[in-house]
Amino acid sequence: MSVLVITGTDTGVGKTVATAALACAARVAGIDVAVCKPVQTGTGPAGGTGDDDLVEIGRLAGVDALHPGWRYPDPLAPVAAAERAGAALPTRDELIGMIRAADAPGRLTLVEGAGGLLVELGQDAVTLRDVATELAAPVLVVVAPGLGTLNHTALTLESLAAQQVPCAGLVIGAWPAQPGAAEIDNRDALARLAPVRAALPAGVGSVSPVDFERISATAFDPNWLAGLL
């Protein structure tokens with residue numbers, strides 16, 4: 001299996017845009033790529049206009065192999081969203097099964113989590129870290145550039161190391177057009193914690209798909225991309 005799990009140090013750090021950028025870069029590089037979103041909250045009522053991260057990823061990245069999982073209307077943590085919907089969370093076996101079903105020989109399968117690494121995604125308090133552990137998959141961590149990011153990032157990396165889950169590196173999800181001293185210093189400090197694979201421009205998720213492809217295609221080291229397979 002060639003599965004890469006993508007998490008974030010916090011909500012709103014740019015995880016979905018980073019997933020789309022990586023999927024786009026892989027596609028441009030000629031890699032067969034699929035994207036899974038096992039658990040999505042905030043989808044709104046049926047037929048409404050709630051969040052749909054996979055639709056946004058497909059629009060930006062030009063990727064068709066999109067695999068949705070369990071969806072809940074309220075924009076809450078999965079446990080709370082499932083409770084409010086009167087619905088069950090998936091079991092560990094169901095989570096693992098959907099990801100394995102999406103994967104294929106020669107394919108890179110990206111798995112975007114919901115929230116951070118230790119957010120409960122499934123029954124019996126199953127987290128994204130548990131999923132990565134069972135799949136023996138590395139984890140790419142999307143981070144913020146501003147104050148507080150060093151502590152948040154270090155805690156996430158420490159949590160991965162505690163279960164011997166390899167970190168595939170960091171992506172800065174929204175690099176400002178005019179970074180201040182904090183952002184510049186933090187970028188250097190983040191690189192000492194783990195390799196920074198990309199620093200995506202703030203607002204890149206709002207550009208046209210053509211511009212998104214141009215930016216994404218050069219955001220990641222092609223040798224690193226090829227090594228994900």
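Heads up, the Cβ atoms here are built off N, Cα and C, so glycines get one too.
Per Swiss-Prot, the features are:
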ACT_SITE  K37  active site
BINDING   G12, V13, G14, K15, T16, V17, D53, E112, G113, A114, G115, P201, A202, G203  ATP binding site
BINDING   T16, D53, E112  Mg(2+) binding site
BINDING   T41  substrate binding site
Excluding T16, D53, E112 themselves, the Mg(2+) site's Cβ centre has within 8 Å the residues I6, K15, T19, A20, V35, K37, Q40, L54, E56, I57
For G14 (ATP binding site), the nonlocal same-chain Cβ neighbours (under 8 Å, six or more residues apart) come out as G8, V142, A144, V171, I172, G173, A174, L200, G205
If you rank the binding-site residues D53, E112 by how many other Cβ atoms lie within 10 Å of their Cβ, the lowest count goes to D53
When each of the binding-site residues G113, G115 is scored by other CB atoms within 10 A, the minimum falls on G115
By Cα geometry, the one of the binding-site residues (T16, D53, E112) nearest K37 (active site) is E112
E112 (Mg(2+) binding site) falls, by three-state DSSP, under strand
Between the C-alpha atoms of the residue listed as 'substrate binding site' and D53 (ATP binding site), the distance in angstrom, to the nearest integer, is 10
E112 (Mg(2+) binding site) sits from D53 (ATP binding site) (Cα to Cα, rounded, in Å) at a distance of 9
Here the Cα-Cα span from G12 (ATP binding site) to E112 (Mg(2+) binding site), rounded to a whole number of angstrom, reaches 13
Within 10 A of the CB of T16 (ATP binding site), the number of other CB atoms across every chain shown is 24
Reduced DSSP state (H/G/I helix, E/B strand, rest coil) at D53 (ATP binding site) is helix
